[in-house]
Amino acid sequence: MVPNPPISLAQGDDLIIGGRRFHSRLFTGTGKYPSMEVMQQSIKRSACEMVTVAVRRVQAVAAGHAGLMEAIDWTRIWMLPNTAGCTNAEEAVRVARLGRELAKLAGQEDNTFVKLEVIPDGRHLLPDPIGTLQAAEQLVNEGFTVLPYINADPLLAKHLEDAGCATVMPLGSPIGSGQGLNNAANIALIIENASVPVVVDAGIGVPSEAAQALEMGADAVLVNSAIALARNPAAMAEAMGQAVIAGRTAFCAGRLPRREEASASSPTTGLVSS
């Protein structure tokens, strides 16, 4: 069942997460870019308003992250600290707390957002459902606005929503794989049952897949690798931004219902006889 879309896509069709309003439904990342300058150009051309930052990499000044905090205009871009690299709930909670302090250093005193990642498997990078739920419950109790990265599991998504998460973020396919929406059927179930925004995260490789996610009724997408590893990252960022607008507009317009049989678009009455 496809969720009922808004009647029209008006100026007020903004995305609200944790009480904060976003015009853009594309979120981007900060990793894998060939240079800081390319990252800056890509963020600008994407027109995104929220960017995720790997707290552990910034804290350790990992390769490609030196100068990151100074490279982004945090008066315009909302920081989404993430717990990438954490393998269990305890680690994720500690890193989330560091992320909150990082946001404060960027001048965002009221930023409680965290993209929660608990990933014990370094090969496939699939999230741990039990650890994610445990960490989410703790972080919600501490006042965080939790955006959990999960497998496309409708039951887990509902448990996280019930725990107080501000969104759920099901993966389309494994991180960085570019395989697209391999889990479209389960994502559709999550969208149908969710009372919080659904953000498709991971696996999107091309703009058409971002558009597809929005056409399905997802509220937003998070795209990093497909932009950062493109031949022209800034151009791909712009294309992703346009695709998200197109997908959301199409969803709001309402798709043609699927039919078992053909239906002629030309009139069948009043035909000129031969």
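Keep in mind that glycine also has a Cβ here, set from the backbone N, Cα and C atoms.
According to Swiss-Prot, the active site, schiff-base intermediate with DXP annotation covers LYS115. DSSP assigns LYS115 (active site, schiff-base intermediate with DXP) to a strand.
Around the Cβ of GLY203 (1-deoxy-D-xylulose 5-phosphate binding site), 23 further Cβ atoms fall within 10 Å across all displayed protein chains. According to its DSSP assignment, GLY203 (1-deoxy-D-xylulose 5-phosphate binding site) is coil. As annotated by Swiss-Prot, 1-deoxy-D-xylulose 5-phosphate binding site applies to GLY176, ALA202, GLY203, ASN224, SER225, with the evidence given as sequence analysis.
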Ranking the binding-site residues ASN224, SER225 by other Cβ atoms within 10 Å, which is at the bottom?
SER225
What is the maximum Cα to Cα distance, in Å and rounded to a whole number, among the residues GLY176, ALA202, GLY203, ASN224, SER225 annotated as binding 1-deoxy-D-xylulose 5-phosphate?
9
Cβ-centroid neighbours of 1-deoxy-D-xylulose 5-phosphate site GLY176, ALA202, GLY203, ASN224, SER225, 8 Å, sequence order:
PRO174, ILE175, SER177, GLY178, ASP201, ILE204, VAL223, ALA226
Restricting to the same chain and to sequence separations of six or more, state which residues have a Cβ under 8 Å from that of LYS115 (active site, schiff-base intermediate with DXP).
THR52, LEU80, PRO81, ASN82, THR83, LEU147, PRO148, TYR149, MET169, LEU222
SER225 (1-deoxy-D-xylulose 5-phosphate binding site): secondary structure state under DSSP, collapsed to three categories:
helix
